[in-house]
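Enquirer: Positions annotated as domain 'Major facilitator superfamily (MFS) profile' by TrEMBL: 1-498. If you look up TrEMBL, you'll see 31-49, 61-82, 91-112, 118-143, 155-175, 181-199, 259-281, 293-310, 337-358, 406-430, 442-463, 475-493 (among others) marked as transmembrane segment.
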Amino acid sequence: MSQDLKQYDQAFMGHPKPLKGLFFTELWERFSYYGIRPLLILYMAAMIADGGLGLDRPSASAIVGLFAGSMYLMTVLGGWVADRWLGQEKAVWYGSLIIACGHISIALTALFSHFFFYFGLVLIVIGSGLFKTCISVIVGTLYKAQDTRRDAGFSIFYMGINLGSVLAPLVTGLLVKDYGWHWGFGIGGIGMLISLIIFRVMTVPQLKKFNALQGAETTWDKAVHYDKNAPKVVALFLVLVAVVVTLTSLGYLHINPVIIVKYLTVSICIAIIAYFAYLLLFANLNTTEKKKIIICFVLLMTAALFWSAFEQKPTSFNLFAQDFTNRQFLGFEIPAVWFQSVNPILIVIFAPIAAWLWMKLGKSNRDPSYISKFIIALVLAACGFGLMVLASHSVIQNHGNTVSPLWLIGAMLFLTLGELCLSPVGLSAMTKLAPNVLRGQIMGLWFTASALGNLMAGLIGGHVSADEINQLPTLFMRCVIALLIGAVILWLLRTPIRKLLDQTASTKPTPIQNSQVET
């Protein structure tokens, strides 16, 4: 290794210099996303006189769920477009442009019709589908297969995600409070434009120089398997989207978001079941592989249940923070969306502790199994919603007056601890259990579980309001019951699943190259 290459290879915290550009590109993209996400339901449910859209809360919550769920589903198409046509670099670039246009469109709602709000959401979904998986793939190309820095590099990269997640609600919350909704939406667009500039001015030149110093052919700037029909597929998809948007804006097509989310949720469930049935019946898998696939299915549906609770943060928890939480502190009213920063702050605090704990337990052969960690995650989430049940009773006893913010923070603490037990563990389980030839598809289904969870959360989260105050304990108790039922089912299945996991313990999976995933 030449001296120049060695310096470049360790220029950013002991990692390749391009990681720096990718870190800040991702930070600002996540800033833009987490800046607007908590604003959506508050803006849509706000009265028109207060600058909002005046939607009923169930519809507003369903739209939030549809927005987030569609974003995860779009990553499947975005990854396909990158592999078959654009390549990773162009996919990130065009995705960034489309996301920025989406933010600008939403901000223009202040001057023009509400059409620009919904059109902006559609653009952000499409752009995120291109951006979300591809930038993670580019990070993977910085490291050779056996480079021991890979996991640490992705940890640094994910720190950018967390920083963006922490900062965004704090900034947008202040802007909305002092200057109005559209300043909050507009700052997200500015964040995305910063991400664009960093990617073009810093990241791409660094990637090119790094490849040149290595004397290696670039793989991130071209399609892996070019398909001449890919542009036609993309054009057809965009035409269909344009037709639906146009007909809806002109009033010829009336969309009920709650009904759409219900049908989409059922359709995804049917599709997942059908896909796993196909794998079991027609994929020529041996007996052991079929058993592994069954476990993947159980874990995936468990993850969907967990995410349906966890992703109520921007909906039901957000509304509870606005309507029923005492946000006064030394004469200052804390913006409701600031509570959305609690989760990423807790992740930054507890993720290293969780990693240390699992390693320590593993060295003494006391590390809980995958299934045990999933059970713990569901129980922790149930505890979080149990706190919300108690908080709701407190609201009712206080005749609708606000309660301590510690209820909400405590609930988010339990959800965060559950996330740390389930999310990274689930990714590891999928890579270990999935047959080599199906690993990419199974990882894609992990994103589908997130989409399903967001959709279900959207259906649940819109029923927090003063008009339904007496139903609050029942709403949150249903979540507690569902989570505990899921935990009990997993507990009953723990023995056969643990036996199968023990059978696979001696078989190391083939490492996934350049396909790390982002949350």
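For all residues, glycine too, the Cβ spot is worked out from N, Cα and C.
Relative to the rest of the structure, where do these features sit?
Expert: Beyond the ends of the transmembrane segment (31-49), by six or more residues, the same chain brings 55-57, 59-61, 63-64, 67-68, 99-100, 103, 106, 124, 128, 164-165, 167-169, 171-173, 176, 181, 184-185, 187-189, 191-192, 195, 313-315, 318-319, 322, 336-337, 340, 344, 461-462 to within a C-beta distance below 8 angstroms of the stretch.
For the transmembrane segment (61-82), same-chain residues at least 6 beyond its ends with a Cβ under 8 Å from one of its own Cβ atoms are 37, 40-41, 44, 55, 88, 90-91, 95, 121, 124-126, 128-134, 137, 223, 230, 234, 237, 257-258, 260-261, 264, 268, 311, 314-316, 444, 447-448, 450-452, 454-463.
Listed by sequence, the residues of this chain that lie at least six past the ends of the transmembrane segment (155-175) yet keep a Cβ under 8 A from its Cβ atoms are 13, 15, 19, 22-24, 26-36, 38-39, 136, 139, 183-185, 187-188, 191, 335-341, 343-345, 347-348, 518-519.
Within the chain, the transmembrane segment (259-281) has long-range Cβ neighbours (under 8 A, six or more residues past its boundaries) at 62, 65-66, 69, 73, 290, 293-294, 296-297, 300-301, 438, 445, 448, 451-452, 455-456, 458-459.
Only residues 6 or more beyond the boundaries of the transmembrane segment (293-310), in the same chain, are considered here, and those with a CB under 8 A from a CB of the stretch are 272, 276, 279-280, 285, 370-371, 374, 377-378, 381, 384-385, 415, 418-419, 422, 426, 429-430, 433-435, 438, 442, 445-446, 448-450, 452-454, 456-457, 460, 479, 482-483, 486, 490, 493, 497, 500-501.
Beyond the transmembrane segment (442-463), the same-chain residues lying 6 or more positions past its ends with a Cβ under 8 Å from any Cβ of the stretch are 41, 56-66, 68-73, 75-76, 79, 258, 261-262, 264-265, 268-269, 272, 275, 296, 300-301, 303-312, 314-317, 319, 426-427, 430-431, 433-434, 471, 475, 479, 512, 515, 517, 519.
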